[in-house]
Amino acid sequence: MKTSLFKSLYFQVLTAIAIGILLGHYYPELGAQMKPLGDAFVKLIKMIIAPVIFCTVVTGIAGMESMKAVGRTGAVALLYFEIVSTIALINGLIIVNVVQPGAGMNVDPATLDAQAVAVYAAQAKEQGIIAFLMDVIPGSVIGAFASGNILQVLLFAVLFGFALHRLGSKGQLIFNVIESFSQVIFGIINMIMRLAPIGAFGAMAFTIGKYGVGSLVQLGQLIICFYITCILFVVVVLGTIARVTGFSIFKFIRYIREELLIVLGTSSSESALPRMLDKMEKLGCRKSVVGLVIPTGYSFNLDGTSIYLTMAAVFIAQATNSHMDIFHQITLLVVLLLSSKGAAGVTGSGFIVLAATISAVGHLPVAGLALILGIDRFMSEARALTNLVGNGVATVVVAKWVKELDHQKLDDVLNNRAPDGKTHEISS
C-alpha cells in the first residue's frame, strides 16, 4: 500500500509542490533559480499538444458514421460554452459587488506605475474579435504545428478528418497509420508525465521565491475572494450541471486529481490537455466528442478566466474610486463576452485580455492594471484549475446531449468499478 502511494503521480506531485513552497520561502534566491525546471516541463507538454489534438480529432471524425454528427457536436459545444461562460462572468460580477474587495483602498491612478503594464496594454491593442477569428486560419499547416496554436491545429485536423472520411475504404491505410501514431504519441506523454513532479517543484519554488508569500498580504482580500468564488462556481454551478447530467462533481474531481495537481504546480491548464483527452475518452465519452470539445474549450470555455476578468475589472474600479453604475457593468459584461473568447490564444492570456477589456470599456484607468500585476501570478492557479474542471464537465455534458456518452462506463469509472479494458454499449 505504501509502495503504491509513493509511486503514484498524485503523491509525487503533491510532495514536489510542498518542497517547492518551502524552498521558495526559506531560500528565495535559490527558489527563483528553479524556474527553468518548470519552464522545461511546460515546453515538453506544449511540444506534444499539436500532434495529440491532430491524431485524436482526425481518428474521431474519420471513424464516425455521419458527418452531421460532427456538426451537431460542434454546435452543441459552442452553445454550452456561451451559456456557462456567461454564468461565470455574471457570477464573478455579483460576488465582487457584494464583497467589494477594493473598497476603501482609495488609490490614485496617477501614482501607479503605468510603465509596468505598458507591454500588456500594447499587446492588448493588437487583440480584437476579427483578429482572433482570422488567427484561427493558419498561414501554413507547418506553421500551425510549429507555433502550437490549438485552434489552428484543430481547424486543420477537422478538415483532414472530413476529407479522410469521404475517402471511405481508400483512406483506411491512412487512418490506421494515424491511429498507430496516436498510440506512440500517448506513449511519449506517459514518459513526459514522469517528470511532472520536477516541473511542479520548479514552478512553485520560482513563484514563492520571486514574489514571496508577503506580496499576498496587501491584496489578499481580492485573492481570497477570487478563490472562494471559483470554489463556489465549481461546487454549485458545475456541481448542479454534473448532477443533472448524472454524475457527481466530487467524484469527477477525484478522477482527474493528478491532472489538477499538475495544473496547480505549473499554473497552466494546457499542461494537462494531453492526459485529459485520454482520460475523458476512458470515462465513456466518444473520441470524436472529446477531440472537438476539449481543444475548443481551451479558447471558448474558460470559466476561471471569465470569473477573474469581471472581478479584476470591478476591483480596479473600486480601488481607484472609479464609479461603475449598472450601465457600465452591463457594458463590461458584453465586452467580456467577446474578448474572453481569445484568452487562450494570447501569451499572458488572462492579463492581456483584461488590459484589452479595460481599454475597450474606456472609463476605467488602464494604469489600475498595476494593482493586479503583482498578484496575477497567484491567481493563475485558481483560473487554471477552474478552467480544467469546466472543460472536463463540458465534455461529459456535450457527449450526453449528442448521445455519445457511455453512461454505464461513466458510472463504473467514477465509482472505481470498471476494470481496465471493460467496455459497454453507448446509450442513446
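Glycine is no exception: its Cβ is also placed from the backbone N, Cα and C atoms.
Residues annotated as transmembrane segment in Swiss-Prot, with sequence analysis given as evidence: 5-27 (among others). Residues 34, 193, 196-198, 200-210, 212-213, 257-258, 261-262, 264-265 of the same chain lie 6+ residues outside the transmembrane segment (5-27) yet bring a C-beta within less than 8 angstroms of a C-beta in it.
Residues or ranges marked as transmembrane segment by Swiss-Prot on the basis of sequence analysis: 47-64 (among others).
Here Swiss-Prot flags 77-99 (among others) as transmembrane segment.
Annotation source Swiss-Prot lists transmembrane segment at 141-163 (among others). Below 8 angstroms of C-beta separation, residues 46-47, 49-51, 53-54, 57-62, 67, 70, 135, 291-292, 295-296, 298-299, 344-345 of the same chain, each at least six residues beyond the ends of the transmembrane segment (141-163), sit close to that stretch.
Long-range contacts of the transmembrane segment (184-206) within the same chain, counting only residues at least 6 positions beyond its ends with a Cβ under 8 Å from a Cβ of the stretch, are 9, 12-13, 15-17, 19-21, 23-24, 30-42, 44-45, 48, 51-52, 55, 261-262, 264-267, 271, 274-275, 278. According to Swiss-Prot, the transmembrane segment annotation covers 184-206 (among others), on the basis of sequence analysis.
As annotated by Swiss-Prot, transmembrane segment applies to 216-238 (among others), with the evidence given as sequence analysis.
Among the features that Swiss-Prot reports, transmembrane segment is placed at 289-311 (among others), with the record citing sequence analysis. Within the same chain, residues 53, 56-57, 59-61, 70, 73-74, 77-78, 80-82, 84-85, 88-93, 95-96, 150-151, 153-154, 157-158, 222, 225-226, 229-230, 233, 238, 269-270, 273, 276-277, 280-281, 332-333, 336, 339-345, 349-350, 353-354, 357, 379, 382-387, 389-391, 394-395, 398-399, 402, 404-405 sit at least 6 positions outside the transmembrane segment (289-311) and bring their C-beta atoms closer than 8 Å to a C-beta of that stretch.
Positions annotated as transmembrane segment by Swiss-Prot: 326-348 (among others).
What Swiss-Prot records for 353-375 (among others) is transmembrane segment, and it gives sequence analysis as the kind of evidence.
Within the chain carrying the transmembrane segment (77-99), a Cβ under 8 angstroms from the stretch's Cβ atoms is held by residues 221, 225, 228-229, 232-233, 237, 241, 292-293, 296-297, 300-304, 306-311, 314-315, 318, 329, 332-333, 336-337, 340-341, 390, 394, 397-398, 401, all 6 or more beyond its ends.
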